[in-house]
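A.B. asks: Take a look at the following structure, please.
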Amino acid sequence: MDTGKCQHVISGHNDIIRQVQFYDRFLLTASNDSRIRMWDLSLLDSIKPQPSTMEMREIYRTFTDSESASAQENDDWSNDSPRMIESLESTTPFMTPTIYRQVPAQELCCENTFVGHTDAVTCFQAADNTLISGSADKTIREWDLTSGTMRQIIDITWATRDPQTLRVSSAAESNRRASWATTRSSLQGLNIYSNDTGTESGDGGFIGALQFYEFALATGSSDGYLRLWDLRTAQAHRQMVGHSHSVTSLHFDDRSVITGSLDGTAVLWDLRMGRMLQKLVFGNSVTSVQLVQGKGAHIAYTAECWIAA
């Protein structure tokens, strides 16, 4: 970190990486290939070839090549001579072709691979030995970080059908439709295309953002809604609408929630009352938001600049 030089490059996914997070000595990565992988960073140095090892390999290669050529010219020893056999001896036990498989060295650093989603993993968070992930397959999954087992699956399309679990007024929905009609022309200027997976640059998606703390979970989805869940019951107990396009990011503390969206707005919410406190309009999609401790300040990041208020 002091020099700014690249120390390691990890290649372990088959599609774009949507999110990364450091957790203790691990690095978690999520991708459009529907997997989340957990890498042990403490092992990376052990698989990296050391300069002394590389030098010895080069010396050995040069020595054997020159000696082999000299031997063939003088015909003083054959390929079956004890000297050649000794140089090719290996301490690796013999493995039959049926069980042998070449594994890249980096795979040895992968502590766990969380497999279960059937589409792109668009967001996740790891904390307190728990991993919660959201996907374009319209599900939220809870995992045990140590064992890698799946604890529960929440199907958003099913869980939000019960009207008794959702508190959203018809007036709020009317405001959302009016807001969508007002901002539609400006969205056309942004040239945004998004589906359940999100944009080509990896923003948004059916579940574009999530955050949890103990049993409280907040999610932002492609319909522009912020939903609050109880992980003990796997039910949404409140939803708030303030965006006319996919939610890309969110962050909450004990009092407030801030959400960012592809519609070019960031909305600050009162977490306890469920009402909108402030709405900021930008000239481009808001891809990341964060609450800052102290005096209720908040930050929203767009493709153009950082805004603090």
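From the backbone N, Cα and C atoms, a Cβ is placed for every residue, glycine too.
Pasting the feature list from TrEMBL:
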type	residues	note
REPEAT	10-42	repeat 'WD'
REPEAT	114-153	repeat 'WD'
REPEAT	217-239	repeat 'WD'
REPEAT	240-279	repeat 'WD'
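Can you tell me where each of these features sits in this structure?
C.D. replies: When Cβ-Cβ distances below 8 Å are used as the criterion, the repeat 'WD' (10-42) is approached by residues 104, 106-107, 109-115, 117-127, 131, 133, 135, 137, 143, 145, 197-198, 202 of the same chain, each at least six residues removed from its ends.
Packing against the repeat 'WD' (114-153) from elsewhere in the chain are residues 15, 18-19, 21, 23, 28, 30-38, 195-198, 204-214, 217, 219, 229, 231, 234: each is 6 or more residues past its ends and has a CB under 8 Å from a CB in it.
Helix, strand and coil content of the repeat 'WD' (240-279), in residues and according to DSSP, is 0 helix, 25 strand, 15 coil.
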A.B. asks: For the repeat 'WD' (10-42), what does DSSP give as the number of helix, strand and coil residues?
C.D. replies: 2 helix, 19 strand, 12 coil
